[in-house]
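Single-structure report; data block below.
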Amino acid sequence: MTCTSCTNTVESALQAFPGVQRASVALATEEAEIRYDRRIVAANQLIQAVEETGFEAVLITTGEDRSRIDLKIDGVLNERLIMILESSIQALPGVEDIKVDTELHKITISYKPDQTGPRDLIEVIESATSGDVTASIYPEAEGREHHRYGEINRYKQSFLWSLVFTIPVFLTSMVFMYIPGTKDGLDKKVVNMMSIGELLRWILSTPVQFIIGRKFYTGAYKAMCHGSPNMDVLIALGTNTAYFYSVYSVLRAATSENYMSNDFFETSSMLISFILLGKYLEILAKGKTSEAIAKLMDLAPETATLLIHDHEGNVVGENEIDSRLIQKNDVIKVVPGGKVASDGFVIWGQSHVNESMITGESRPVAKRKGDTVIGGTVNENGVLHVRATFVGSESALAQIVRLVESAQMAKAPVQKFADQISRVFVPLVIVLSVLTWLVWFLAGRFHGYPRSWIPSSMDSFQLALQFGISVMVIACPCALGLATPTAVMVATGVGASQGVLIKGGQALESAHKVDCIVFDKTGTLTIGKPVVVNTRLLKNMVLREFYDYVAAAEDNSEHPLAKAIVEHAKKLHSEENHIWPEARDFISVPGHGVKANISDNILIVGNKSFMLSSSIDIPLEALEILTEEEEKAQTAIIVAMDQEVVGIISVSDPIKPNANDVISYLKSMNVESIMVTGDNWGTANAIGKEVGIEKIIAEAKPEQKAEKVKELQLSGKTVAMVGDGINDSPALVSADVGLAIGAGTDVAIEAADIVLMKSNLEDVVTAIDLSRKTFFRIRMNYVWALGYNIIGIPIAAGVLFPSFRFRLPPWVAGAAMAASSVSVVCWSLLLRYYKSPKTFAN
């Protein structure tokens, strides 16, 4: 695909297909993402639909591939063996479907990863056939990288072959004609007025025009069939005009005794050569835009050490296996300096693991029994035994890659501008080129112009023709089409490498306009791991008994404050896994507290407003304690039993490092900061004062957070919301840009537009700054792409010719056109060197 006209053609063809619900085609990645009904249409029909528009299509993946594997079978396959294989594999638990391709010696198996895996499948195949056949993972020969390298090689070969023919054409028309000896030889007549030089150029340019340039013909033909002329149409028209006029001129000279031929064979062949060179460089450059994904995928190690256990759980051996053969619940050994081969948790050993390549956290993280590890991270010192939990497409690494790929597919709204121009661009250019030729031809025919204006070897018709061809080939919709997607691709890749996952062009475009950020408090401005610092009992009861009641209720809550209370309660018991009393009729009121029946006592745990709404009187002593704790920026949690306040728990949540610097830096970026929290006013004001936030809204329910976001939007602000919990989800969705702290809940991450994987507040600045720099690149791309066409087309049309005798030969115009696309891609590629603001470099 060369321009947005191409993507629109493919998109329209796919969306018109029965059963297709949505189709998105990306120019920069040259990929299509299609949501369709498998009961109505199959993947191979969609491939055929794409190919009918004039483009090649290769299936990368389908939704059902995530639990599917292709196995290569080595050995002689006969009907008996195939029957044995099918029945043996089908007998395995979790196997859903089997397809055997005897020609390719390939077995495709769909399975449930919870019940079986690739290693089990291979073992069954080899044992069922008594070793007659062996199985291994089928090489991904038709993957996207293989296809991209194939395309690069095809353009390179085409360009080199075109040079073989074009260089002699160029020399005979532009160089040898000025060397006396060779000029005489080339001017020697063959038939009537047709010279040797003209005949040679005709012979040499023909393979370039029809064999090497065949791709442009097929692309132009299919584009015209679908009523959507594209870049191929302009190239085919421009080169054909030059070639066939030259053929006419040479044949006329061959049949005349006095007609002097003037051919443009060098124009057609050099045009095709320069365009092929431009496409080759463009594809090379576009390959660089997806380097971030390639680097992420390379993080996974090629091999892993599988531990073999006996029935009693003792290690009795180990095997080195392909990491793609790891199955759920396998135990993997990770040596110092080795990569963790799969997501899982540590069952033995302790070490420090460098997770910077995934989370961006620079310091190694201590790991011991029970701690989770991420596949692709590096073990620093000790030996770890890890039980695999998420493998293959379920792994964190695979999900990050999938998220970045989806982001690169999503179009930014600004892309609509290029789409609208591309719809009329090519037809408009064709009209302009015809008008250019007509104006120059008629001016020369009826009004005349000084003979000194026209090169000695040309007449007015030929001069007009050159201007018309130059207009046709200099016009470039490609640069416009590539302006946005290439920048978005690089930015999402760079963001992912720095721990900022941006979910597409829409999020990037909205983020660069942000002038107001709403922060949640707990887990966002604070570390999110609060600890109990004080307990005040207002009724005579044993402290451990008090905490047993509270922990029994809070154990059902996901809120960080609830977890802190439960952890504190555990410390009051000597046994490791203490069982709390049963909590019945549990009710959670997000942002306020919880209510439950514990041992026939109605327990209510929460803030002041929750107590008042539950018709509980708060004694003066409790109010004094609340005020005192709030002044210390500590959260006071009231505990009431059977409508009577029995105690107050003080919890402190440390503020994140650099929180003050982040708020200060945002202010310098003209971004207003507001804090909205479900916590009490005293604590909220104390935290706000410490981090430098003046506007604060406390004791807010989740729906009130969303209402505040909408209120700010109605006042004309572009609002970003930063949060981490389930109670932040409504506000994250309501905001123009939702930023979820990566260590937060899955619900918050799902609702957000941007995920901050490191859970560092500094990455809020990185996300805004990166989006602004990306859209500066996009704007400059559009300025260049539009400016190039606005300036280039008139020059090609000859506006400078009457005054300065300057004209742009078609082959130079073609070279300029090729260069414009490459320059746009290269300008976007400079984003690869993006650095976060220096304030947070450390």
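Cβ from N, Cα, C; glycine included.
Taken verbatim from TrEMBL:
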DOMAIN    1-58  domain 'HMA'
DOMAIN    67-133  domain 'HMA'
TRANSMEM  158-179  transmembrane segment
TRANSMEM  199-217  transmembrane segment
TRANSMEM  229-248  transmembrane segment
TRANSMEM  268-285  transmembrane segment
TRANSMEM  424-443  transmembrane segment
TRANSMEM  463-483  transmembrane segment
TRANSMEM  782-804  transmembrane segment
TRANSMEM  810-830  transmembrane segment
Going by DSSP assignments with H, G and I as helix and E and B as strand, what are the residue counts for the domain 'HMA' (1-58)?
21 helix, 13 strand, 24 coil
With Cβ-Cβ distances below 8 Å as the criterion, list the same-chain residues six or more beyond the ends of the transmembrane segment (199-217) that contact it, or say none.
158, 161-162, 165-166, 168-169, 172-173, 186, 190, 232, 235-236, 239-240, 243, 246-247, 250, 263, 265-266, 268-269, 272-273, 275-276
Chain residues outside the transmembrane segment (463-483) and at least six past its termini with a C-beta under 8 angstroms from it:
2-7, 27-28, 230-231, 234-235, 237-239, 241-242, 245, 264, 267, 271, 282, 286, 418, 421-422, 425-426, 429-430, 432-434, 436-441, 444, 453-455, 778, 781-782, 784-786, 788-789, 792-793, 795-798, 801, 807-810, 813-814, 816-817, 820-821, 823-825, 828
Count the CB pairs under 8 A between the transmembrane segment (810-830) and each of 158-179, 229-248, 424-443, 782-804, then give me the winner.
782-804
DSSP helix/strand/coil residue counts for the domain 'HMA' (67-133):
24 helix, 20 strand, 23 coil
Could you check if the transmembrane segment (158-179) is in contact with the transmembrane segment (268-285), meaning 3+ Cβ pairs under 8 Å among residue pairs at least 6 apart in sequence?
yes
Per-residue pLDDT averaged over the domain 'HMA' (67-133) comes to what?
83
